[in-house]
Amino acid sequence: MRSHFCAEISEKDVGKTIKVAGWCNTYRDHGGVVFIDLRDKSGLVQLVCDPSSKAYEKALEVRSEFVLVAKGKARLRGPGLENPKLKTGKIEIVLEELVIENKSATPPIEIGNKNVNEDLRLKYRYLDLRSLNAYEIFKLRSEVALIARNALAQKGFLEIETPILSKTTPEGARDYLVPSRVHEGEFFALPQSPQLFKQLLMVGGMDRYFQIARCFRDEDLRADRQPEFTQIDAEMSFCSENDVMGVVEDLLQEIFKAIGHNISKPFKRMPYKEAMENYGSDKPDLRFELPLIEVGDCFMDSSNAIFSNIAQDPKNKRIKALNVKGADAIFSRSVLKELEEFVCQFGAQGLAYLQIKEDGVKGPLVKFLSEKGLKNILEKTGAKTGDIVFFGAGDKKIVLDYMGRLRLKVAETLDLIDKDALNFLWVVNFPMFEKTENGYHAAHHPFTMPKNIECKDLEEIEAHAYDVVLNGVELGGGSIRIHKEEMQKKVFEKINIHEEEAQKKFGFLLEALKFGAPPHGGFAIGFDRLIMLMTKSSSIRDVIAFPKTQKASCLLTDAPSPINEEQLRELHIRLRK
């Protein structure tokens, strides 16, 4: 049906008869001469037709998004008529034959216009996908999947599918449940990850497994979350943390070659505690400096009781400083007010600061600081004339969170972030347990190997867990797993999953661990998030062919939707009114 893709035609094809197919991108009638920009997956080419052509009458019928097959001779455009924005901007095809394969209603969205309301784009996603940008995204997505498969296969990993219909197990989010027609009153769960099955594959001697896995989580959505998503999932036997990290680094190095980046190995490693204390995040963006500085000791003799009391409780409280170089000449009062309002959204009671001016240090905190305390702050933060030092004080968790967010906000405001940089980081030594209102739960998941399980303070127990971070975004992570039944039971007990409940929920795993499970560990990389970063897309929805909205609905198909009474009866379900 065609001899060339539209954007493949070049000056070497001048004089040749060309046959192309695609959609009418734009249509123009200039004094009786018809110009059509034809679009296919490769790009655009201009078709031209004057009244002397036998294709002229058909060309007059063409409108936007009509499906066309065109035949004609390639020629150079006239002087001054070239379009430097197009790959084919020096060429046009003089129409000899034109077939309208299909007509189109007037499109409700302009193809390729990102400023169109997103709900409308998602409702007509099949039209939105016609844009050249969308094609390039999904071309790269396909290439990266192939690179991942080949890279892991070369390292001896087997691609093995794990079940989609499975058993509900607590992994941090709500499960999507599927009622069983055969087993009345019982439900399957869609997997939040292949976690337990890939561990069982290691027990089964598969040694190295991977899959590009579909996962499902019924959770509140953000810009980088979807209820169904894809991850590059892998597990390996007889391995250390270093072995797993090495595989991930090799894999990411191969993947980023696809977009022309040669990333260096090994990646920097940072303990979780250091990441939180110095950057206020377990996924710090290291493309810029701006570390958080602990200055609690500078407030020990403060005349402000609130600050001095906080300074005397270093286990539970923090006073953090953020020195922003040269900010005094840039941040107006209105900007300082905006920054205060920003941190107050995340639990701050206000935003104290010191302005380092030619005639001394100014700001509301000065009167509460001793001469020694002020001097120590300036030394610790390295503050000089023209700088502003911001302070956060209070509960450790809250302060680290909002000061970490402030760090990012300031970097964005001052344009400190190199958008072309790739800064990879391993965050390691995560806490094994986190305290909640209902006791402790596993910070990663309860199948992670702890480092010091006998420690009486559960919050001090660390896990053999690791996250890989790119530019402040968690790409993925993993852990060394528990491979002995006794240890698994100990961990369950720490999070109040006692024997009866453990057997009910995880009996199959505990049973498997009795039969010589090898030491093993693995990782998962968020595939959608990876492609979002590689393409610099603003939303994860841009890199998924048919994504859900932030309300977990599909505007294209109107899913989820009601089902009829007969289907409900077959599933033994009665809906309450």
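Every residue, even glycine, has its Cβ placed from backbone N, Cα and C.
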(Q) Among GLN211, GLN226, which residue does Swiss-Prot annotate as binding ATP at the site that also has ARG217, ASP218, GLU219, GLU474, GLY526, PHE527, ASP528, ARG529? (A) GLN226
(Q) Of the residue ranges 31-34, 131-134, 195-198, 335-338, which one carries the region 'Aspartate' annotation in Swiss-Prot? (A) 195-198
Q) Of all the binding-site residues given, GLU219, GLU474, which residue's CB has the most CB neighbours within 10 A? A) GLU474
Q | Other C-beta atoms that fall within 10 angstroms of the C-beta of PHE527 (ATP binding site) | A | 25
Q. Using a Cβ-Cβ cut-off under 8 angstroms and a sequence gap of six or more, which residues of the chain neighbour HIS444 (L-aspartate binding site)?
A. PHE430, MET432, ALA463, ALA465, GLY477, SER479
Q: Would you mind splitting the region 'Aspartate' (195-198) into helix, strand and coil residue counts from DSSP?
A: 4 helix, 0 strand, 0 coil
Q) Distance between HIS30 (site 'Important for tRNA non-discrimination') and ARG217 (L-aspartate binding site) at the Cα atoms, whole Å? A) 55
Q.
Tell me the coarse DSSP state (helix, strand, coil) of ARG529 (ATP binding site).
A. helix
